[in-house]
Amino acid sequence: MISDETTAGAVAGPGGTPPGPSAVRAEPTVDPVFSDEGGPADPAYPGNAPADPGEPAFSAEPEVVTGIEPADPAADVTPAFSGEPVADATPAAPAVPADPVFAEPAEDAPSLVDGATAPDPASAALPPELAEAARALFGDRLDLAAAYAELLATDGVVRGLIGPREAPRLWDRHLLNCAVVAERIPEGASVIDVGSGAGLPGLVLAIARPDLTLTLVEPLARRTSFLIEAVQRLGLTRDVRVFRGRAEEAAAGSRDREALSADIVTARAVAPLDRLAGWCLPLLVSGGRLVALKGASAADEIAEHTEAVVRLGGGTPELHRCGEGMVESPATVIEVVRERVVNPRRPKKPKRSRGGRRRGDR
Ligand SMILES: C[S@@+](CC[C@H](N)C(=O)[O-])C[C@H]1O[C@@H](n2cnc3c(N)ncnc32)[C@H](O)[C@@H]1O
(Lines of atoms letter the chains of each structure in order from A; the text may use other names.)
(Lines give C-alpha, C1' and ligand atoms only; values in the text may rest on other atoms or scores of the structure.)
Protein backbone atom coordinates (compact mmCIF):
# COMPACT_ATOMS: atom_id res chain seq x y z
CA MET A 1 0.00 0.00 0.00
CA ILE A 2 1.16 3.46 -0.70
CA SER A 3 0.56 5.99 1.98
CA ASP A 4 -0.41 9.58 1.41
CA GLU A 5 2.89 10.66 2.89
CA THR A 6 4.84 8.62 0.40
CA THR A 7 2.75 9.99 -2.38
CA ALA A 8 3.05 13.58 -1.31
CA GLY A 9 6.74 13.32 -0.74
CA ALA A 10 7.25 11.93 -4.16
CA VAL A 11 5.55 14.87 -5.77
CA ALA A 12 7.74 17.78 -6.59
CA GLY A 13 6.72 21.20 -5.40
CA PRO A 14 7.91 23.73 -2.91
CA GLY A 15 5.35 23.13 -0.22
CA GLY A 16 5.27 19.40 0.25
CA THR A 17 2.50 17.45 1.87
CA PRO A 18 -1.13 17.98 1.10
CA PRO A 19 -3.34 18.31 4.13
CA GLY A 20 -5.08 15.01 4.59
CA PRO A 21 -8.84 14.90 4.45
CA SER A 22 -10.45 15.86 7.74
CA ALA A 23 -12.28 12.87 9.07
CA VAL A 24 -15.24 14.77 10.42
CA ARG A 25 -17.95 13.01 8.51
CA ALA A 26 -18.14 10.01 6.27
CA GLU A 27 -21.34 9.24 4.55
CA PRO A 28 -22.37 7.63 1.34
CA THR A 29 -23.15 10.11 -1.36
CA VAL A 30 -25.04 10.32 -4.53
CA ASP A 31 -22.97 9.62 -7.55
CA PRO A 32 -21.28 12.94 -8.12
CA VAL A 33 -20.59 12.36 -11.75
CA PHE A 34 -21.74 15.27 -13.66
CA SER A 35 -21.35 14.85 -17.28
CA ASP A 36 -23.19 12.73 -19.70
CA GLU A 37 -21.11 13.41 -22.68
CA GLY A 38 -23.09 11.00 -24.67
CA GLY A 39 -26.41 12.35 -23.54
CA PRO A 40 -28.57 14.88 -25.27
CA ALA A 41 -28.90 18.49 -24.24
CA ASP A 42 -32.07 19.31 -22.40
CA PRO A 43 -34.67 19.46 -25.14
CA ALA A 44 -36.90 21.56 -22.93
CA TYR A 45 -34.53 24.44 -23.32
CA PRO A 46 -34.85 26.15 -26.65
CA GLY A 47 -31.58 27.07 -28.13
CA ASN A 48 -29.64 24.65 -26.05
CA ALA A 49 -29.09 22.09 -28.71
CA PRO A 50 -25.35 21.92 -29.15
CA ALA A 51 -24.20 23.36 -32.41
CA ASP A 52 -22.17 20.25 -33.02
CA PRO A 53 -23.80 16.95 -32.23
CA GLY A 54 -20.35 15.58 -31.57
CA GLU A 55 -20.04 17.80 -28.55
CA PRO A 56 -23.28 17.39 -26.67
CA ALA A 57 -24.09 19.35 -23.57
CA PHE A 58 -23.72 17.65 -20.25
CA SER A 59 -26.33 17.47 -17.63
CA ALA A 60 -25.79 16.29 -14.14
CA GLU A 61 -28.57 13.81 -13.79
CA PRO A 62 -26.85 11.11 -11.80
CA GLU A 63 -29.34 8.50 -12.87
CA VAL A 64 -28.53 9.25 -16.48
CA VAL A 65 -24.84 9.41 -15.90
CA THR A 66 -24.16 6.35 -13.83
CA GLY A 67 -22.79 3.62 -15.99
CA ILE A 68 -22.55 5.77 -19.07
CA GLU A 69 -19.18 5.67 -20.59
CA PRO A 70 -17.93 9.09 -21.53
CA ALA A 71 -17.68 9.64 -25.21
CA ASP A 72 -14.44 8.81 -26.84
CA PRO A 73 -13.56 11.93 -28.75
CA ALA A 74 -11.57 9.96 -31.24
CA ALA A 75 -14.51 10.02 -33.54
CA ASP A 76 -15.37 13.67 -33.34
CA VAL A 77 -12.22 15.48 -32.43
CA THR A 78 -11.06 18.11 -34.80
CA PRO A 79 -7.43 17.25 -35.47
CA ALA A 80 -6.06 20.47 -34.11
CA PHE A 81 -2.87 19.06 -32.83
CA SER A 82 -0.91 19.02 -36.01
CA GLY A 83 -0.01 22.66 -36.07
CA GLU A 84 -2.28 23.54 -38.92
CA PRO A 85 -4.90 26.16 -38.15
CA VAL A 86 -8.05 24.23 -37.73
CA ALA A 87 -11.34 24.94 -39.36
CA ASP A 88 -13.78 24.65 -36.52
CA ALA A 89 -17.11 23.41 -37.68
CA THR A 90 -18.75 25.11 -34.73
CA PRO A 91 -20.26 28.29 -36.08
CA ALA A 92 -20.98 29.84 -32.72
CA ALA A 93 -17.48 29.78 -31.30
CA PRO A 94 -15.48 32.96 -31.62
CA ALA A 95 -12.31 32.75 -33.63
CA VAL A 96 -9.27 31.87 -31.62
CA PRO A 97 -5.82 32.49 -33.00
CA ALA A 98 -4.51 29.04 -33.62
CA ASP A 99 -1.25 28.19 -31.99
CA PRO A 100 -0.17 24.75 -33.01
CA VAL A 101 0.13 23.57 -29.47
CA PHE A 102 -0.95 25.94 -26.79
CA ALA A 103 -3.85 28.03 -27.86
CA GLU A 104 -3.62 31.75 -27.24
CA PRO A 105 -6.44 33.76 -25.78
CA ALA A 106 -8.48 35.69 -28.28
CA GLU A 107 -8.47 39.42 -27.79
CA ASP A 108 -11.83 40.98 -27.10
CA ALA A 109 -13.52 37.65 -27.55
CA PRO A 110 -17.17 38.45 -28.11
CA SER A 111 -19.63 37.01 -25.67
CA LEU A 112 -22.12 34.68 -27.20
CA VAL A 113 -24.74 35.76 -24.77
CA ASP A 114 -27.10 38.24 -26.28
CA GLY A 115 -30.14 39.84 -24.80
CA ALA A 116 -32.63 37.59 -26.53
CA THR A 117 -31.26 34.20 -25.59
CA ALA A 118 -29.13 34.90 -22.56
CA PRO A 119 -29.75 32.63 -19.61
CA ASP A 120 -30.16 34.44 -16.34
CA PRO A 121 -26.74 35.02 -14.71
CA ALA A 122 -28.54 35.19 -11.38
CA SER A 123 -29.10 31.44 -11.66
CA ALA A 124 -25.43 31.04 -10.82
CA ALA A 125 -25.72 32.89 -7.53
CA LEU A 126 -24.10 31.18 -4.58
CA PRO A 127 -26.83 29.53 -2.48
CA PRO A 128 -26.66 30.89 1.09
CA GLU A 129 -26.39 27.41 2.60
CA LEU A 130 -23.18 26.81 0.64
CA ALA A 131 -21.60 30.17 1.40
CA GLU A 132 -19.53 28.97 4.34
CA ALA A 133 -17.97 26.07 2.43
CA ALA A 134 -17.39 28.27 -0.62
CA ARG A 135 -15.64 30.89 1.51
CA ALA A 136 -13.48 28.24 3.12
CA LEU A 137 -12.53 26.70 -0.21
CA PHE A 138 -12.01 29.81 -2.30
CA GLY A 139 -10.96 32.31 0.37
CA ASP A 140 -10.34 35.73 -1.10
CA ARG A 141 -10.83 34.31 -4.59
CA LEU A 142 -14.54 33.70 -3.99
CA ASP A 143 -15.42 36.55 -6.34
CA LEU A 144 -13.40 34.87 -9.05
CA ALA A 145 -15.22 31.60 -8.44
CA ALA A 146 -18.52 33.48 -8.71
CA ALA A 147 -17.39 35.01 -12.00
CA TYR A 148 -16.58 31.54 -13.34
CA ALA A 149 -19.95 30.21 -12.16
CA GLU A 150 -21.63 33.04 -14.02
CA LEU A 151 -19.62 32.31 -17.15
CA LEU A 152 -20.71 28.66 -17.03
CA ALA A 153 -24.32 29.60 -16.45
CA THR A 154 -24.33 32.03 -19.37
CA ASP A 155 -21.80 31.38 -22.13
CA GLY A 156 -21.37 27.78 -21.00
CA VAL A 157 -25.08 27.11 -21.40
CA VAL A 158 -25.44 29.04 -24.65
CA ARG A 159 -22.58 27.11 -26.20
CA GLY A 160 -24.07 23.83 -25.11
CA LEU A 161 -21.18 23.01 -22.77
CA ILE A 162 -23.44 22.58 -19.80
CA GLY A 163 -27.14 21.89 -19.62
CA PRO A 164 -29.34 24.77 -18.44
CA ARG A 165 -30.63 22.68 -15.57
CA GLU A 166 -27.10 22.65 -14.21
CA ALA A 167 -27.03 26.38 -13.59
CA PRO A 168 -28.83 26.35 -10.23
CA ARG A 169 -26.64 23.52 -8.99
CA LEU A 170 -23.33 24.70 -10.32
CA TRP A 171 -21.97 25.42 -6.89
CA ASP A 172 -22.56 22.17 -5.11
CA ARG A 173 -22.24 19.69 -7.97
CA HIS A 174 -19.46 21.36 -9.82
CA LEU A 175 -17.53 24.17 -8.18
CA LEU A 176 -17.43 22.89 -4.61
CA ASN A 177 -17.22 19.28 -5.69
CA CYS A 178 -14.09 20.12 -7.67
CA ALA A 179 -12.63 22.60 -5.18
CA VAL A 180 -12.51 20.04 -2.36
CA VAL A 181 -10.05 18.01 -4.43
CA ALA A 182 -7.49 20.74 -3.79
CA GLU A 183 -6.81 19.09 -0.44
CA ARG A 184 -5.15 16.22 -2.32
CA ILE A 185 -2.74 18.47 -4.20
CA PRO A 186 0.57 19.58 -2.71
CA GLU A 187 1.59 23.22 -2.51
CA GLY A 188 3.13 24.60 -5.68
CA ALA A 189 2.44 21.49 -7.77
CA SER A 190 2.15 21.46 -11.51
CA VAL A 191 -1.17 19.99 -12.58
CA ILE A 192 -2.49 18.69 -15.89
CA ASP A 193 -6.27 18.43 -16.07
CA VAL A 194 -7.18 15.85 -18.67
CA GLY A 195 -10.52 16.23 -20.43
CA SER A 196 -11.23 19.60 -18.89
CA GLY A 197 -14.47 20.15 -20.78
CA ALA A 198 -15.71 23.52 -19.56
CA GLY A 199 -12.90 23.69 -16.98
CA LEU A 200 -13.84 21.11 -14.38
CA PRO A 201 -11.90 20.57 -12.24
CA GLY A 202 -8.97 22.44 -13.79
CA LEU A 203 -10.26 26.00 -13.69
CA VAL A 204 -11.78 25.54 -10.27
CA LEU A 205 -8.43 24.39 -8.93
CA ALA A 206 -6.69 27.33 -10.56
CA ILE A 207 -9.09 29.68 -8.82
CA ALA A 208 -8.94 28.00 -5.43
CA ARG A 209 -5.17 27.46 -5.50
CA PRO A 210 -3.12 30.30 -6.97
CA ASP A 211 0.03 28.39 -6.00
CA LEU A 212 -0.62 25.78 -8.71
CA THR A 213 0.27 25.91 -12.37
CA LEU A 214 -2.25 24.22 -14.60
CA THR A 215 -2.46 22.85 -18.09
CA LEU A 216 -5.96 22.10 -19.31
CA VAL A 217 -5.90 19.30 -21.89
CA GLU A 218 -8.99 19.07 -24.03
CA PRO A 219 -9.33 17.85 -27.62
CA LEU A 220 -12.62 19.42 -28.65
CA ALA A 221 -12.48 22.80 -30.36
CA ARG A 222 -15.61 24.33 -28.93
CA ARG A 223 -14.50 23.51 -25.43
CA THR A 224 -10.97 24.82 -25.82
CA SER A 225 -12.37 28.08 -27.23
CA PHE A 226 -14.45 28.45 -24.11
CA LEU A 227 -11.53 27.53 -21.86
CA ILE A 228 -9.22 30.03 -23.50
CA GLU A 229 -11.72 32.82 -23.10
CA ALA A 230 -12.49 31.85 -19.53
CA VAL A 231 -8.80 31.88 -18.63
CA GLN A 232 -8.46 35.31 -20.12
CA ARG A 233 -11.59 36.79 -18.61
CA LEU A 234 -10.81 35.46 -15.17
CA GLY A 235 -7.27 36.83 -15.35
CA LEU A 236 -5.67 33.41 -14.99
CA THR A 237 -3.31 33.61 -17.96
CA ARG A 238 -0.22 33.57 -15.74
CA ASP A 239 -0.99 30.19 -14.20
CA VAL A 240 -3.17 28.37 -16.69
CA ARG A 241 -2.57 27.28 -20.26
CA VAL A 242 -4.83 25.41 -22.57
CA PHE A 243 -3.59 22.53 -24.67
CA ARG A 244 -5.82 21.40 -27.47
CA GLY A 245 -5.37 17.72 -28.07
CA ARG A 246 -5.77 14.37 -26.42
CA ALA A 247 -3.89 13.27 -23.34
CA GLU A 248 -2.03 10.70 -25.42
CA GLU A 249 -0.85 13.43 -27.79
CA ALA A 250 0.15 15.69 -24.93
CA ALA A 251 2.23 12.90 -23.41
CA ALA A 252 3.84 11.90 -26.66
CA GLY A 253 5.20 15.30 -27.64
CA SER A 254 6.21 16.01 -31.18
CA ARG A 255 9.10 17.29 -33.25
CA ASP A 256 8.23 20.87 -32.28
CA ARG A 257 7.07 20.37 -28.75
CA GLU A 258 8.28 18.57 -25.68
CA ALA A 259 6.05 16.01 -24.09
CA LEU A 260 3.97 17.47 -21.29
CA SER A 261 4.34 16.21 -17.75
CA ALA A 262 3.25 17.29 -14.29
CA ASP A 263 3.31 16.37 -10.64
CA ILE A 264 -0.42 15.74 -10.57
CA VAL A 265 -2.90 14.78 -13.28
CA THR A 266 -6.57 15.36 -12.56
CA ALA A 267 -9.57 14.04 -14.48
CA ARG A 268 -13.29 14.09 -13.88
CA ALA A 269 -15.84 12.03 -15.80
CA VAL A 270 -13.41 11.26 -18.60
CA ALA A 271 -13.01 7.47 -18.84
CA PRO A 272 -12.97 4.25 -16.84
CA LEU A 273 -9.92 3.80 -14.65
CA ASP A 274 -7.98 1.43 -16.89
CA ARG A 275 -8.28 3.69 -19.91
CA LEU A 276 -7.66 6.76 -17.79
CA ALA A 277 -4.47 5.24 -16.40
CA GLY A 278 -3.28 4.49 -19.91
CA TRP A 279 -3.79 8.10 -20.91
CA CYS A 280 -2.73 9.86 -17.73
CA LEU A 281 0.18 7.93 -16.20
CA PRO A 282 2.49 8.89 -19.10
CA LEU A 283 1.75 12.54 -18.26
CA LEU A 284 3.11 12.20 -14.74
CA VAL A 285 6.64 12.67 -13.50
CA SER A 286 7.97 9.58 -11.80
CA GLY A 287 6.24 9.42 -8.41
CA GLY A 288 3.54 11.83 -9.58
CA ARG A 289 -0.07 11.10 -8.91
CA LEU A 290 -3.27 10.69 -10.89
CA VAL A 291 -6.24 12.14 -8.97
CA ALA A 292 -9.40 10.97 -10.69
CA LEU A 293 -12.79 12.22 -9.50
CA LYS A 294 -15.15 9.31 -9.54
CA GLY A 295 -18.69 8.57 -8.51
CA ALA A 296 -20.30 5.75 -6.59
CA SER A 297 -18.62 3.21 -8.87
CA ALA A 298 -15.14 4.08 -7.58
CA ALA A 299 -14.64 0.98 -5.42
CA ASP A 300 -15.88 -1.28 -8.22
CA GLU A 301 -13.56 0.39 -10.67
CA ILE A 302 -10.62 -0.23 -8.37
CA ALA A 303 -11.57 -3.89 -8.02
CA GLU A 304 -11.97 -4.26 -11.75
CA HIS A 305 -8.99 -2.32 -13.01
CA THR A 306 -6.18 -2.59 -10.46
CA GLU A 307 -4.37 -5.24 -12.48
CA ALA A 308 -4.47 -3.13 -15.62
CA VAL A 309 -3.33 -0.03 -13.74
CA VAL A 310 -0.34 -1.84 -12.25
CA ARG A 311 0.54 -3.25 -15.66
CA LEU A 312 0.58 0.32 -16.95
CA GLY A 313 3.14 1.34 -14.33
CA GLY A 314 0.80 2.58 -11.62
CA GLY A 315 0.77 1.67 -7.94
CA THR A 316 -2.25 0.16 -6.28
CA PRO A 317 -5.16 2.58 -6.74
CA GLU A 318 -6.38 4.19 -3.54
CA LEU A 319 -9.74 5.66 -2.73
CA HIS A 320 -10.05 8.98 -0.88
CA ARG A 321 -12.92 11.23 0.04
CA CYS A 322 -12.46 14.95 -0.15
CA GLY A 323 -14.33 17.71 1.61
CA GLU A 324 -15.66 15.62 4.45
CA GLY A 325 -17.15 17.81 7.12
CA MET A 326 -17.16 20.67 4.68
CA VAL A 327 -19.62 19.81 1.93
CA GLU A 328 -22.73 17.70 2.09
CA SER A 329 -21.57 15.25 -0.53
CA PRO A 330 -17.83 14.68 -0.26
CA ALA A 331 -16.06 13.95 -3.53
CA THR A 332 -14.66 10.49 -4.15
CA VAL A 333 -11.30 10.30 -5.82
CA ILE A 334 -9.16 7.41 -6.98
CA GLU A 335 -5.46 8.09 -6.77
CA VAL A 336 -2.72 6.23 -8.58
CA VAL A 337 0.99 6.95 -8.22
CA ARG A 338 3.17 6.54 -11.28
CA GLU A 339 5.65 4.03 -9.93
CA ARG A 340 7.24 2.70 -13.10
CA VAL A 341 7.73 3.91 -16.61
CA VAL A 342 6.19 1.45 -18.97
CA ASN A 343 6.96 1.93 -22.60
CA PRO A 344 4.08 1.49 -24.93
CA ARG A 345 4.34 -1.64 -27.02
CA ARG A 346 5.64 -1.02 -30.50
CA PRO A 347 4.30 -3.10 -33.34
CA LYS A 348 6.82 -5.71 -34.44
CA LYS A 349 8.66 -4.95 -37.66
CA PRO A 350 8.14 -7.58 -40.30
CA LYS A 351 11.12 -9.92 -40.64
CA ARG A 352 13.30 -9.48 -43.67
CA SER A 353 14.92 -12.26 -45.61
CA ARG A 354 18.64 -12.13 -46.47
CA GLY A 355 18.05 -10.50 -49.76
CA GLY A 356 16.47 -7.56 -48.01
CA ARG A 357 13.05 -8.61 -49.09
CA ARG A 358 10.23 -9.08 -46.68
CA ARG A 359 9.05 -12.64 -46.41
CA GLY A 360 6.25 -13.11 -48.77
CA ASP A 361 7.35 -10.19 -51.00
CA ARG A 362 7.11 -10.93 -54.67
C1 LIG B 1 -17.72 13.96 -19.88
S2 LIG B 1 -16.64 15.24 -20.29
C3 LIG B 1 -16.10 15.82 -18.72
C4 LIG B 1 -15.64 17.24 -18.74
C5 LIG B 1 -15.19 17.78 -17.39
N6 LIG B 1 -14.04 17.08 -16.89
C7 LIG B 1 -16.33 17.71 -16.40
O8 LIG B 1 -16.21 17.02 -15.41
O9 LIG B 1 -17.33 18.38 -16.62
C10 LIG B 1 -15.23 14.32 -20.86
C11 LIG B 1 -14.21 15.19 -21.53
O12 LIG B 1 -13.06 14.43 -21.74
C13 LIG B 1 -12.54 14.75 -23.01
N14 LIG B 1 -11.72 13.62 -23.44
C15 LIG B 1 -12.13 12.40 -23.82
N16 LIG B 1 -11.08 11.63 -24.15
C17 LIG B 1 -9.96 12.38 -23.97
C18 LIG B 1 -8.56 12.14 -24.15
N19 LIG B 1 -8.10 10.99 -24.61
N20 LIG B 1 -7.71 13.14 -23.82
C21 LIG B 1 -8.16 14.32 -23.35
N22 LIG B 1 -9.48 14.60 -23.17
C23 LIG B 1 -10.37 13.64 -23.48
C24 LIG B 1 -13.76 15.02 -23.85
O25 LIG B 1 -13.48 15.81 -24.98
C26 LIG B 1 -14.67 15.72 -22.87
O27 LIG B 1 -14.51 17.12 -22.89
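Glycine residues also receive a Cβ, built from the backbone N, Cα and C atoms like all the rest.
Whatever TrEMBL says is automated annotation, not expert-curated.
As annotated by TrEMBL, S-adenosyl-L-methionine binding site applies to Gly195, Leu200, Ala247, Glu248, Arg268. Residues or ranges marked as compositional bias 'Low complexity' in TrEMBL: 1-11, 84-98. Per TrEMBL, the feature region 'Disordered' maps to 1-98, 343-362.
Per the record's binding annotation for S-adenosyl-L-methionine, residues Gly195, Leu200, Ala247, Glu248, Arg268 show a top Cα-Cα distance of 19 Å. The local packing around Glu248 (S-adenosyl-L-methionine binding site), expressed as other Cβ atoms within 10 Å of its Cβ over all shown chains, amounts to 17.
A simple Cβ count within 10 Å picks out one of the binding-site residues Leu200, Ala247 as the most packed, and that one is Leu200. A strand conformation is recorded for Arg268 (S-adenosyl-L-methionine binding site) in the three-state DSSP classification.
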